[in-house]
Amino acid sequence: MAIERTFSIIKPDATRRNLTGAINAVIEKAGLRIVAQKRIQMTKAQAEAFYAVHSARPFFNDLVSFMTSGPVVVQVLEGEDAVAKYREVMGATNPANAAEGTIRKLFAESIEANSAHGSDSVENAGVEIAQFFSQNEIVG
């Protein structure tokens with residue numbers, strides 16, 4: 001097992017309901033360390049760039065609108081197999097299919113307003129982290 005870093009976003013549906021601390025508690029209980037974190041208002045340009053892989057999908061504009069509808073908390077998480085571990089901790093994209101105790105089962109409102117984003121690979125984690133953090137902001 002390797003120590004990895006992954007990228008997380010606590011989405012607007014969760015920040016609106018003041019769930020950052022509760023979500024952080026789930027993350028830390030799973031053995032992941034939060035080595036960088038900041039609350040930001042994502043711009044339309046940032047959201048479009050971040051979700052560019054989905055630009056041809058019918059839900060793209062709704063996704064950009066949602067992600068810019070309120071503050072988000074961007075994070076760098078670190079730990080053993082952090083990418084896979086955080087995806088397990090988040091739960092299935094559709095909260096109806098998420099396992100008990102996962103972030104999405106506990107806090108999500110819908111498949112879109114599902115409270116959290118996590119990188120899907122180590123490579124994408126590196127790209128996503130670099131979009132929001134400089135190296136000197138990551139203090140592990």
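Glycine too: its Cβ is placed from the backbone N, Cα and C atoms.
Among the features that Swiss-Prot reports, ATP binding site is placed at Lys11, Phe59, Arg87, Thr93, Arg104, Asn114. Mapped onto three states, the DSSP output places Asn114 (ATP binding site) in coil. Residues within less than 8 Å, Cβ to Cβ, of Asn114 (ATP binding site) and separated from it by at least 6 positions along the same chain comprise Lys11, Asp13, Thr93, Asn94, Pro95, Arg104, Ala108.
Its own atom aside, the Cβ of His117 (active site, pros-phosphohistidine intermediate) has 21 Cβ atoms within 10 angstroms in the protein chains shown. Among the features that Swiss-Prot reports, active site, pros-phosphohistidine intermediate is placed at His117.
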Tell me whether Arg87 (ATP binding site) sits in a helix, a strand or coil according to DSSP. helix
Rounded to the nearest angstrom, how far is the Cα of Phe59 (ATP binding site) from the Cα of His117 (active site, pros-phosphohistidine intermediate)? 16
